[in-house]
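Engineer: Swiss-Prot feature annotations, pasted as is:
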type	residues	note
DOMAIN	7-212	domain 'RNase H type-2'
BINDING	Asp13, Glu14, Asp111	divalent metal cation binding site
Amino acid sequence: MILDDESQILGIDEAGRGSVIGPLVIGGVLMKKKKIRFLNRIGVKDSKQLNMKKRTIISRKIKKIAQFKTIIIPAHTIDEKRNNDINLNEIETEGMEEIIKIMKPNACYIDCIDVRENRFHDKIQKINPNMTVVTEHKADETYKIVSAASIIAKVERDKQLEIIRQEYGSVGSGYPSDKNTINYLKTIKNNQFPPIIRKTWKTIENITKSTE
């Protein structure tokens, strides 16, 4: 498809993929091609390069100039699907497909979740054969529209994690690399893990073994 200034461009990225606590959030941002330059002006960059305060401020600015959509996939849903032999890439692709079908872009740029870019590209292309598809590793660093999606996803996950903290207390960042998260998991007695925890994660298996 030949893209012009009026073409609708969609960026997609996720937050919380590797987390053991909390949801996986997929974010989509849709803008006309001619308006993408405004993302530079409001300070859009990969969400990992921004602290929480800056992400929140920029997220509000993105929402004023673009259409956006978030898909929240709770921990217990991830577990249910994985227990039915649906892997994390497939779970995430389902969420991306939902965003694409809702937003109907002319072109879609995605931070590739597969080790093989071509294989992932073909999966996304099947969703809409008439759509231009770009799937690259580190697309969130290369394309501003994907950076914007990464900010939207990360801010929503931050919000979801805060809701979790209000109910369950200090859970850290939710990632296995966070000592505070591991310490929280170790306080859970008799392996009665609440639904905010991804029980199918290797982290939980290791903790369960260590407390036996």
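Just so you know, the numbers here start at 1 and follow the chain as drawn.
Yeah, the Cβs are placed from backbone N, Cα and C, and that goes for glycine too.
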Engineer: In which DSSP state, out of helix, strand and coil, do we find Asp111 (divalent metal cation binding site)?
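Structural biologist: Assignment for Asp111 (divalent metal cation binding site) reads strand.
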Engineer: What three-state class does DSSP give Glu14 (divalent metal cation binding site)?
Structural biologist: strand
Engineer: Highest Cβ count within 10 Å among the binding-site residues Asp13, Glu14: which residue is it?
Structural biologist: Asp13
Engineer: So for Asp111 (divalent metal cation binding site), how many other CB atoms are inside 10 Å of its CB?
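Structural biologist: So the Cβ neighbour count for Asp111 (divalent metal cation binding site) comes to 23.
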Engineer: Would you report the average pLDDT that the model assigns to the domain 'RNase H type-2' (7-212)?
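Structural biologist: A mean pLDDT of 96 is what the predicted model shows over the domain 'RNase H type-2' (7-212).
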